[in-house]
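Below you'll find the structure, written out as structure tokens, and then a few comments.
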């Protein structure tokens, strides 16, 4: 009997000890989906990670966009759609591989079993609290240690996007990549590839704020940076890159801690850009394209009269603003500002709020310099709407977070159309205020390149370093109202970085402050057709 009890105890103990470890592989293949539940995005993804040979294959939407990184050859091929055709470009230079597995498994805490996607899993977690913002991260493996799901409630570990809920599901995973060697064959389409200018690796750089001791010695800072890399799955391709990231990391900590230690109308909070240089941040979130010399606007809104308009406007109160959307890891901000203005002004004119398709603009509005996820302008969007007649609804032509083939020849239009569009007098905040009050939400371009804008959390943003020249504008947003908060005038601005950024997706931009950040430098709105 005692032997039986001892045997049973040993069996029980062996079961307790048989907890699979988090995977750590130098080579692997995975197939699954990358999901953003907030905006109902389910992006099929196929990825080969090969740190042994310093190369990588990434395909999304079943081959709609393919990136093959040959960092061992200082070259990258990208195959993707441009309006109705697939094209190939090649980009010289090195970069960092995208690893979807935790690089420091020992820093994760085991927290028991559960069921995910119908599979009994073993979960590991991290909880990271920084400047009032807490992120929760869970990595689930099956009994054999095979990844099942990476759940991120905070910053996107994988591709380095703003705080949100991200879910990476693994359908297939193997560390034997020999069967997938053909994936690294250069596509035939790339025989005539066009060379794109070299740019910073768009997948580099996540965030952290590990402590706020500005007097820390270099050794202490180095230890904090080590924790940062472990917590946020950071890998750098060389010692030189590591040293550069360390400098950026220390600078980000200083920016936030220094700002929040003083009196200010707004507060900052850490997010996923702390080890990025300004150039990298601009490339990742706000790609700039050549500005069109002619906008094609029908007229200019130059009415600066403030006598007969309300002292406060918020078009959400009239149900003329759709919920905050999420551009994800795509430089498509220009489409969200444009659809937001068309949605709002159509609502004011016709009394109906219709959520319109940003993806149709990404895929089809290849006009006057606009390049889908590579950036663009509201004027291009409105010119396209005039040309095509009407955009589809968001539900009929849903957002992909990715350039796609244009479907405007087959998709059902929404019926929302415009007769033209109007530019607001450049630099006139009173004209912008009048336009918002009398016509509805207005698409505006701002300078979002100042370091602290990416960390904005609350209050009236009024950093004097923010510029207002036309060539300084790098991010399209939507002005939906104005008012005064704690004695400071503001424009109420809707961003496209989900509700996890700022004040549930919104920011108070300083008003009557010398056109700070260029809020009125390039404001545009459409003229909806009256039903």
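Positions of Cβ are set from backbone N, Cα and C atoms, glycine also.
Among the features that Swiss-Prot reports, signal peptide is placed at 1-18, with the record citing sequence analysis.
Taken from Swiss-Prot, the feature N-linked glycosylation site applies to 94 (among others). The Cβ of residue 94 (N-linked glycosylation site) lies under 8 Å from the Cβ of 71, 74, 237, each of these being in the same chain and 6 or more residues away along the sequence. In the three-state DSSP reading, residue 94 (N-linked glycosylation site) counts as coil.
Taken from Swiss-Prot, the feature N-linked glycosylation site covers 111 (among others), and the record attributes it to sequence analysis. A 10 Å cutoff on Cβ-Cβ distances gives residue 111 (N-linked glycosylation site) a total of 11 other Cβ atoms nearby, all chains included.
What Swiss-Prot lists as disulfide bond is 330-373 (among others), and the listing cites similarity to another entry. When secondary structure is read from DSSP and collapsed to three states, residue 330 (disulfide bond) falls in the coil class.
For 333 (among others), the entry in Swiss-Prot reads active site.
Under the heading disulfide bond, Swiss-Prot lists 364-406 (among others), citing similarity to another entry as support. For residue 364 (disulfide bond), the same-chain residues that are 6 or more apart in sequence and have a Cβ closer than 8 Å to its Cβ are 83, 384, 388, 406, 407, 408. The secondary structure of residue 364 (disulfide bond), as reduced to three states from DSSP, is helical.
Sequence annotations record features per position, and here Swiss-Prot assigns N-linked glycosylation site to 423 (among others) based on sequence analysis. In the three-state DSSP scheme, residue 423 (N-linked glycosylation site) is classed as strand.
Annotation source Swiss-Prot lists disulfide bond at 466-517 (among others). Applying an 8 A CB threshold to same-chain residues 6+ apart, the list for residue 517 (disulfide bond) reads 446, 447, 448, 450, 453, 461, 463, 466, 467, 468, 509, 510.
Annotation comment: Swiss-Prot describes 475 (among others) as active site. Under the three-state DSSP scheme, residue 475 (active site) falls in the strand class. Neighbour count (other Cβ atoms within 10 Å of the Cβ, all protein chains): 25 for residue 475 (active site).
Residues or ranges marked as active site by Swiss-Prot: 495 (among others). Reduced to three states, the DSSP call for residue 495 (active site) is coil.
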Query: Near residue 495 (active site), meaning Cα within 10 Å, which of 111, 330, 373, 423 (recorded positions)?
result: none
Query: Of 111, 330, 333, 373, 423, which recorded positions come within 10 Å of residue 475 (active site), going by C-alpha to C-alpha distance?
result: 333
Message: Given the recorded positions 111, 333, 423, find the one whose Cα is closest in space to the Cα of residue 373 (disulfide bond).
response: 333
Message: DSSP secondary structure for residue 373 (disulfide bond), reduced to helix/strand/coil, please.
response: helix
Task: Would you mind reading off the Cα separation of residue 111 (N-linked glycosylation site) from residue 330 (disulfide bond), to the nearest angstrom?
output: 34
